[in-house]
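First up is the structure itself, then whatever we jot down about it.
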């Protein structure tokens, strides 16, 4: 099947809003992304440059989000976006200065092992595994709960307030809701925000809440029963609030 | 800051930061449930504000076009900027735009109205119309060799006026200069300034000059009237030009101003110590002044 530029444009347009379409498009253009990365690295990404490939993929995704049909063809635009992002990445990495890879071969020998091997392994691998499996299970559960209300993490991330002021307003909603377990329960049961009560209790504008409804549902759900690990990760939310009250 | 990886996609991962933000970041081989530290966050395209000027730009453009048409075309061409008057014997006035278009043609006397009757000036400029009107005047017998055509231009813009006069004159002279006389300014039929002739009678004899106005006695003094028997009789009030006692002689000539001044200002009468010509009543004595105030005696130096 002959792909034309027109097809790409429509694919990009649908990928802007649909994360699955975006994933599909990125998989489809993996070769392109890889070749652009190689052009920048002058070596295969597999030779210790996997991060650069990931950055290039992110750049491709950014290009999808930012692309405008009226500004020319997509692929040249994406190629430029990838190159710019890689340059940016290279510059920020340079700040880290004298960092050597843990995978540096020891003593210049080919099979003498790597630097990584010389560091004593203090990590409790078994415990780590348990924790990770547990958090995976919990996140999976959380994800399913969100899916019941037609939400994905991608949606939530897209809906997350980016302005500090708006974020603080959403935080007030959360702080208030945590003092009202019955409100959290209603959110958990219905997936709907009790706008009136939350707005009256937190002083946040209803419009702001409506605009960030998906995010608020997700973050309120995280504070219902059963998501200990996620809540543990959000330790910053709790203590700060406690500090405010003290 | 630690981030909990919530969801992984080929190109990005959704991570949760410790403050409760869900972010998209580069997926550096993350797995769900990982806690990661340094992320490369997704840079979102700047949200475009709906351009408020867009709907207005059409209106603004239209307004700009209208302005250009109005000020660049309509105003110089179709609004009156000045008037050109041609006086042969027919007297016609052309209303001109800045660009010399003839906007209106008006006959100022009967011959002028006859001259322009049936004449179409639409779309013509000053040069054409003046030439054609002069030609018409010649054809209709109003103008023959050696006679004078006078042209008067009036406008608020003096430069424009001067240019127009010059141009109109040159145009006509070029064409008719051998046969007729072109003159700038109105014809001499009427004198330019209307003179008012005032009959002048010889001045009255000096002894009773018209009092200068500043020496008029204050009217507040009730006893200081001429019709009382003890009045000085020298105020000249009896010499009124009004009312039944008018003597028919206006005393205008006895002014100290203007061309008819007799050269005698009566100012020196004030303090010369000689009351002979003084108009006030103190040829008599101050004790006549029985109103108790001295105000009218200020010029009495004795």
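We number each residue from 1, going along the chain as drawn.
Glycine is treated like the rest: Cβ placed from N, Cα and C.
In TrEMBL, the feature transmembrane segment is placed on B:52-74, out of the ranges B:52-74, B:75-97, B:98-120. Taking Cβ pairs closer than 8 Å, the transmembrane segment (B:52-74) reaches no residue in its own chain that is 6 or more past its ends. Residue counts for the domain 'Anti-sigma factor RsgI-like middle' (B:82-179) under DSSP, split into helix (H, G, I), strand (E, B) and coil, are 40 helix, 29 strand, 29 coil. The domain 'Anti-sigma factor RsgI-like middle' (B:82-179) scores a mean pLDDT of 87 in the predicted structure.
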